[in-house]
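Single-structure report; data block below.
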Amino acid sequence: MKVLVICAVLFLTIFSNSSAETEDDFLEDESFEADDVIPFLAREQVRSDCTLRNHDCTDDRHSCCRSKMFKDVCKCFYPSQRSDTARAKKELCTCQQDKHLKFIEKGLQKAKVLVAG
């Protein structure tokens, strides 16, 4: 019983978090009208200008694509701390997804298959 309660709370937290991000995107537009909903959703689904996972996002850190549930985050690091070359001193950023979010996403996909089938 405890496991079911914990799983239910986890699922509700994830679902509310993903829907809250979508609502925040809607609220950012100052002139939001009902006619603007369809073009907004089309832009979010297509979004060809986003940076794919594990690709360079150094120049535009807010351009990472969105997976099915969560948005990827631009994480920066230095390639090598040992050498004094110019390349080692340059910061490198790539779009990545946290491992716990990846596991949650895969788990929910498997749960959907289990419930549906």
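Using N, Cα and C of the backbone, Cβ positions are placed for all residues, glycine too.
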Item to check | Cysteine from CYS50, CYS57, CYS65 that Swiss-Prot links to CYS74 by a disulfide bond | outcome: CYS57
Item to check | Record Swiss-Prot, residue CYS65, disulfide partner from CYS50, CYS76 | outcome: CYS50
Next on the checklist: Counting across all protein chains present, how many other Cβ atoms fall within 10 Å of the Cβ of CYS65 (disulfide bond)?
Outcome noted: 17
Checklist entry - Do you know offhand how many angstrom separate ALA116 (alanine amide) and CYS74 (disulfide bond) by C-alpha? => result 34
